[in-house]
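Take a look at the structure below.
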Amino acid sequence: MKMIVGLGNPGSKYAKTKHNIGFMVIDQLCEKYNVTLNKHDFEAEYGSFKYEGETVLLVKPLTFMNDSGRSVGPLMSYYQVGIDELLVIQDDMDLTMGKLRLRQKGSAGGHNGIKSIIAHTKSQTFKRLKIGIQHPQKSTVVNWVLTPFDKDGAPVINQAIDQACEESTTGVKMTTL
């Protein structure tokens with residue numbers, strides 16, 4: 001079993017914000033593979049589908065971003081998902097808008113959602129698909145990540161979401177995700 005977790009904040013207030021790029025990718029994967037996130041426990045909403053014979057869990061933690069591990073850790077334990085079978089989709093301010101980067105392991109890099117997952121899984125060796133949201137020019141980090149993409153950024157991000165969906169499912173084909 002593989003688990004793809006999209007990071008974000010719950011609620012309509014945050015739905016289209018930069019910090020919710022992980023949720024946006026999960027939503028598109030759900031649409032593409034006809035998945036309903038109909039399970040609601042472990043402080044998450046999630047659903048599953050089969051991809052080339054492999055069960056894949058799509059997960060949106062319902063904790064706020066900075067406490068995502070509180071949901072991810074118990075879900076992994078319950079479904080016996082190994083750390084090498086986890087892919088986390090996150091925003092990254094250090095990447096230019098729409099750029100994708102797959103990391104096999106590493107520190108949180110200042111991302112509190114990743115820091116929480118590391119704390120709850122006791123490992124840094126899970127894969128992350130980072131999507132660039134660019135560093136704010138003038139606004140504070142909090143204001144930047146909690147605002148929607150502007151008219152110039154939206155088409156770039158929509159393309160990045162499409163690409164992230166492809167990268168996510170390509171990873172599922174690999175033995176170690």
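Glycine is treated like the rest: Cβ placed from N, Cα and C.
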- Task: May I ask you to find which of ASN34, ASN38, ASN112 Swiss-Prot records for the tRNA site already listed with TYR14, PHE64, ASN66?
- Result: ASN112
- Message: I'd like the number of other C-beta atoms within 10 A of the C-beta of HIS19 (active site, proton acceptor), please.
- Response: 23
- Pairwise Cα distance for ASN112 (tRNA binding site)/ASP91 (site 'Stabilizes the basic form of H active site to accept a proton') [Å, integer]: 11
- Sort ASP91 (site 'Stabilizes the basic form of H active site to accept a proton') into helix, strand or coil using the DSSP assignment. strand
- Query: Taking only the recorded positions ASN9, HIS19, ASP91, which one has a CA atom nearest to the CA atom of PHE64 (tRNA binding site)?
  - Reply: ASN9
- Item | Cβ-based neighbourhood (8 Å from the centroid) of the tRNA site, residues TYR14, PHE64, ASN66, ASN112 excluded | ASN9, HIS19, THR63, MET65, ASP67, SER68, GLY113
- Nearest of the recorded positions (ASN9, HIS19, ASP91) to ASN66 (tRNA binding site) - Cα to Cα: ASN9
